[in-house]
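Asks: The signal peptide feature in TrEMBL is assigned to 1-22. Marked as domain 'MIR' by TrEMBL: 27-81, 89-144, 145-199.
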């Protein structure tokens, strides 16, 4: 029952009017409220989380990279710093601060001054309850145009500590053997580019008043 309940938000999203699956829609801007997977373009793994806590550092829920494209624990919802700052269907601007909320556990992508367990960079975790955490859940989308376009590789820079969401290839053993360490790095480089992949993308509405309708 517990696992089925966590998949329920994805089932509801698939039935909402005004939504399109990413593989069926023409490329465009990533929009607020969309649910998607993020691919690290250097290491070809998707941003992932699950109910496995770090055995060191913060002890919070771990965040990793996985090769599988069909893992339901790799879905993240795009949200603003507040609900009013990122209304459903609004394109995400380059330079905008967002939250990435893990769909199946309701925790936000988070980083803080703990060392990551394998590379000794900065630990990245999933934190909070039902989508609410703290000020260390905010990430700035760095891209070159006006909006975060789905076909573009972008960076996520942490607002509070100024590190970039990164993967450098270190692999975990038991109990998450083969999954890659996700961490924060101070330098902008080829390890911290991400691209929107599979997901449910909300189409922008021509009528702003309809953004919050179901």
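Every residue, even glycine, has its Cβ placed from backbone N, Cα and C.
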Asks: Give the residue counts of the domain 'MIR' (89-144) per reduced DSSP state, in the order helix, strand, coil.
Replies: 3 helix, 28 strand, 25 coil
Asks: Where does the mean pLDDT land for the domain 'MIR' (145-199)?
Replies: 96
Asks: How do the residues of the domain 'MIR' (145-199) split into helix, strand and coil according to DSSP?
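Replies: The counts are 3 helix, 28 strand, 24 coil.
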